[in-house]
Amino acid sequence: PPKKLKKSDETIDNKEINQPKIVDNKLPHIRDIIIPKDLTNGTFCKIVSWNVAGLRAVLRNNPKILENLVNKHDIDILCLQETKLQSPDDIKDDILSNYNGYWVYSEKKKGYSGVVIFIKKSILLSNTFVDNKLKKKHKQLTLTNSWNKSNELENNTLNNTEQVTESNESSPLIVNSISYELEDSRFTGEGRTITIDLGMFYLVGCYVPNSGQNLERLDYRVNEWDPYMRDYLHNLKITKPVIFFGDLNVGHLDLDIHNPTAKHIVKQSGLTPQERNSMTIFLSNGFTDAFRFLYPDARGAFTYWSQRTSARPYNKGIRLDYFICSNDMFADPIVTDNKTSDSDINNASNKRSLDEISEKLLSPRAVENIPIPGVYDSYILHEDTVGVSDHCPVVLVVKLK
């Protein structure tokens, strides 16, 4: 029987992987080619998400990987998941010096989970900027009558962030507040979420809990975490648009899975009917998958490949990383029905003659009158980080004006 693709929070060796083959006469797991849209007309914000599967190891083996990534793609906001750090002191202080970094760590288990969001310093901090992590510290110090420390904290509330004076080069976005994790105690301590109010929209970077190799956390995932997160995001979007993104640990459609008809799929973490249906429920209530909105038929658009089975060279992957945006960021949002399977499309593709299998150059769905802020483009960076992590970065481009 085919080997299971395994996805867990356990450390995975970052061994070198060959460049993936887009077309292989022996394997039909092709990847359609998507060329990013032109950004010359308008003002845009480029957001990138990447599960690094251990940031310390990534930077030790590839010290310039983040710097090269943000410079090559002119990234405004970079969110990393599964950093597996306990403190930013675990890595160099000068990491991405042109960005402010906001970190959350796992307090329950070392070397586990963790999220960081880097925001380019041209995105200003508002005069009333609030970092809820520092706010809590300030309260604690005040209660202990540590006046000197509390005054020092009050005068330094940015905590290694830089408040930039407004200039012609500044972004239309502004950082109003940052909060870490969720308020419910069931979902704190694992370092999984950061919420940022950017004035024009909310940004919620997340590393969604994995259900476990033996599905031991499946009930927690679909009956506790997912419903709470849906309510949390719904409440946010009452006031302004919302972007929920990161490693969401689910392969939603058959088109997002390289072997959707395999018998073991229904028992694999991230691919169970319960998890896929949970995503469908989410997308049926005011949110849209940005990539699938723009490229509904894109094949082989995976973001995760098992390193244990050397799956990446053959593009035997799963799309686990998403940008899910509230419908008010789309000119014509997709209304998702209760169907999570698109096997007919996949089977038709896989049954074609191998001679007919070749990559296609895809254009995005034609969209007019994009709202402001609105989803402009979304794509996957397949080539930049091969051999670095078992995931690759994904991109969302938001039009600001």
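Cβ atoms are placed via backbone N, Cα and C, with glycine included.
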*Among Glu67, Glu82, Glu224, Glu368, which residue does TrEMBL name as a further Mg(2+) binder in the site formed by Asn51, Asp247, Asn249, Asp390, His391?*
Glu82
*Look up His391 (Mg(2+) binding site) in the DSSP assignment and reduce it to helix, strand or coil.*
strand
*In whole Å, how far is Tyr207 (active site) from Asp247 (Mg(2+) binding site) when you measure between their Cα atoms?*
5
_Just to be sure I understand the packing, how many Cβ atoms besides its own are within 10 Å of the Cβ of His391 (Mg(2+) binding site)?_
24
